[in-house]
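Shown below is the structure under consideration.
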């Protein structure tokens, strides 16, 4: 029989590979192809008609990985309702099913692994109907109308069933033998959101494979002795949202693997010393929203595996100094309590502590040694308290401190001295900081001045700064390659209140002649550019009469450096006539007078009268040989070639020119004192050769080293591969064997479901216990 079923399944899979979703089915359902079958969603359609179409096209459909029929007008499940179909997951949620026949699942028993029947009107557990599903792994009966589980409704012998969800029903009583037939396979039981007033200890006792037990949102008032007995692998117990007043230390016996314990939303009033000492593997303890008034000494000590402790929304007003001794807590939440002071050593004995929250308490003072032992602290929340000051060096030992929240306190000034130089962020919003307190950034524990940032104190408007005025700069690229004309500074005329008012016109006040230039943007100018810094002195403006008009500045001839070189080279090889034609008439002194009342552009050459030079004389060339006499009228750096004194034309008497002609001298073409060009070229060539040789040698050495490393790595990999072939084959065979075994048992993906530790969270939130949505 099994061989026939396997052949039928194999043939249907072959046909399915050619045409997975027939057109008739796609018209009524949403069909998608997966790795080993199809997924059908036939919601909002008649279930009877859909199943008839699937049976007709069973040869083409093959294995159905998931069949969903939500809101499919189902009221009951008649006998053989799914016969002839190969379905692995059946979802019949959100219908109005009240009755399930004992033979409703007949015909699909070989492959059915999961049945979802939540959000229906089922009043009893369909134990007889489930008895024909030996391969069932998961059963969801949540959000129904089950009131109690009687003896005839206990779960049948299902050796692979590991997940039962009975949450959100009306269960108040469970028979002792409810889970007796599945005690060797059951791993998760959800009985949350029911009406139980006591822990069903007799029903869950001795479940050796039970890992997660959810009893949240019931009416349990107390934990009696031996409530949780012989649960060796239980790692999650959820008792949140009940009415528990006191924790009995004898309630947990032989529960060594408990890692997550949820006790939030109860009415626990006190904790005793060493109350949780038996939980050697406890990693997370949630006591949020209880009525705990104090944490006595050693009540939470000795928990070497505890990482997260939540004590928010209680009435804690006192914490003993040794309450957390020898614990490895990383996240500690004590927000929304009644603490008024943080004494010295309040969180001592916590070397791994990283996150602490004292938000929304009544803290007024903090002892400077309160956090001395918490050297690994990273985040501290002290918001919504009544702090008026923080003593210096309070957080000096916390070198890893990144965030301190001091919002909504009563701090009149910034407590800079309380932190070390490595603090990352300090939040100070909603504090009554005094008006003289300048807030600024911190860098290495000191204030950082931000350039161009205005200081706003007591709501005073910041002083406006003058906007920079850009002065156009003439670059060399704008100068023509031809011999330019005279380059002169533009004339500048500054009028002071010279505008007269006529009629109703108001007098126009001229703006300042010069503004300061933003030097920060002009520091990267090329060396050859000119940069003018123009200032607006207010004292000078007041000294000028209203009707005075300043004399315009005379143009100044500023020949460029190229013109001077070109002119000197031309003068050396031209005749006397060309010298006369190209000579220029330059006044002996500048016309600019040192007048402090005149606003001039800066810099201006010869702002003051220059030094007096030696008197120059004219030299006339004669036919008689004579010794040339050198007059030192030029700087010593300019040499005059001997015997090449040019002749300068005599001034004409008819022209009646009052200006003087300055004699021009040809520059020396060569000198014995100057070094020749050949040694310089040889020295430059020698230096360049040395540089090229060094660079080439370095490149060759680098290439050889890289090649050697590549060859060594290749040989190492080749050597390792010679020994890894056999081990890789054995590993692949082992993985394949485990996969086949898990496929037969169906529990491979469930073993580690609750082994993963949840991510550390700063605040659990309001819906942290809604494990089943």
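The backbone N, Cα and C atoms fix where each Cβ goes, and this holds for glycine too.
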If I go by Swiss-Prot, the feature transmembrane segment sits on one of 669-689, 690-710, 711-731. Which?
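Result: 690-710 is the stretch Swiss-Prot calls transmembrane segment.
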Looking only at the repeat 'LRR 2' (85-107), report the model's average pLDDT.
93
Please count the residues of the repeat 'LRR 14' (375-397) that DSSP assigns to helix (H, G, I), strand (E, B) and coil.
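The composition, in the requested order, is 0 helix, 4 strand, 19 coil.
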Using a Cβ cut-off under 8 Å, which residues of the same chain at least 6 positions beyond either end of the repeat 'LRR 3' (109-132) come close to it?
5, 63, 77, 86-98, 100-103, 138-147, 149, 152-158, 165, 746
Looking at 61-84, 133-157, 159-181, 303-326, 375-397, which one has the highest count of Cβ pairs under 8 angstroms to the repeat 'LRR 9' (256-278)?
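The stretch with the most contacts is 303-326.
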Checking distant contacts: for the repeat 'LRR 1' (61-84), what same-chain residues at least six beyond its ends satisfy Cβ-Cβ under 8 A?
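Sequence-remote neighbours of the repeat 'LRR 1' (61-84) are 9, 12-13, 15-16, 20, 22, 25, 34, 36-47, 50-51, 54-55, 90-108, 111, 129.
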In the same chain, which residue numbers or ranges, 6 or more beyond the ends of the repeat 'LRR 11' (303-326), come under 8 angstroms Cβ to Cβ?
259, 264, 276-277, 279-297, 332-340, 343-350, 357, 757, 760, 763-764
